[in-house]
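Structure first, commentary second.
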Amino acid sequence: MLISSLLARSSLVNAPLRLSRFFTQARRVYKEEEPTAPPSPTTEQPGQKYTHFGSKTVLKSTKQKLVGDVFSSVANRYDLMNDVMSLGIHRLWKEHFINKLDAGKRPNSTTPLNFIDVAGGSGDIAFGLLDHAESKFGDNESTMDIVDINADMLKEGEKRAMEQGKYFKDPRVRFLVSNGEVLEEIESDSKDIYTVSFGIRNFTDIQKGLNTAYRVLKPGGMFYCLEFSKIENPLMDLAYQQWAKVLPVMGSMIANDYDSYQYLVESIERFPDQETFKSMIEKAGFKSAGYESLTFGVCAIHWGIKV
Ligand SMILES: COc1cc(O)cc(C/C=C(\C)CC/C=C(\C)CC/C=C(\C)CC/C=C(\C)CC/C=C(\C)CCC=C(C)C)c1O
Ligand SMILES: C[S@@+](CC[C@H](N)C(=O)[O-])C[C@H]1O[C@@H](n2cnc3c(N)ncnc32)[C@H](O)[C@@H]1O
């Protein structure tokens, strides 16, 4: 446990790797739209026509489809790719996230919690949260909505539930295809805990997603997000620049998919730093917002409370 958290909080330093792109393969082509000043996640205006898809500027209306293609493509190799790309460290981040949130119906309470895990296709966070609630608090009543815009990713989560013999066709657990920016099926003020892990970076309008998180939470409800962030140490950042170059090559070798992992790298680069994202959470209305950087800031946990 100690070693796990040390690993998650510090880092493994590899000799910088320099691999050039040596695979020729069918590439998805993203139709470039007329170039405009690229919006930033914080300055994006509601009426704006264009947004980013990785480093490309695309019509807002096309981004959802492009992100959909990426996750349909990676769905069946998702776990393997994450283990390889992160040397297994993503599991430690997720474990730390779940333990830090420490959610579940307390034994002296009569009211189960309503969880929502947005962009939760793989089920990693949702199942982990329910396991934690049960093992730590004996809570087997709280409910979980696992929401994802991509049906293929949700199917992976359902498959996992079936394989592990837990949370499949469980009346407490719903799998919903829905856009986290809107969550139209989810009533306002209805959830106690909102989680999103490695998902919000892919939203077309991140601020809209945060506003929606605020809408669906009950007063007193908690927002918790695990997402890539900015590496604070320049030497580690240099190591990242090298590692990031290799990720699409790994995607090509293991999943025959260079482009999705190139998108991953570009979307990480575009995501706001810790302080900027915190101010977006505050802008949505959350109080007591804060964050914890993990592994030198490779990723961070952000939170906020709806008062
Ligand atoms: C297409 O979109 C995606 C596809 C997918 O399979 C996963 C995601 C979401 C991502 C995850 C759940 C985690 C995946 C992990 C990584 C991308 C790599 C994270 C990197 C590390 C834990 C560091 C390991 C590398 C080293 C020790 C070498 C030295 C490098 C650094 C210290 C910095 C490396 C930092 C980054 C690569 C960010 C998805 O959206
Ligand atoms: C990298 S995966 C994260 C899965 C899981 N939460 C985890 O931590 O392993 C990103 C997920 O975000 C989903 N996603 C992207 N845009 C979304 C949106 N607007 N609404 C809901 N889900 C979205 C994708 O379909 C994909 O399943």
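Backbone N, Cα and C atoms are what each Cβ position is placed from, and that goes for glycine too.
With SER122, ASP148, ASN179, GLY180 listed by TrEMBL as binding S-adenosyl-L-methionine, the candidate from SER86, SER109, SER197 annotated for that site turns out to be SER197. Under the DSSP three-state reduction, ASP148 (S-adenosyl-L-methionine binding site) is assigned to strand.
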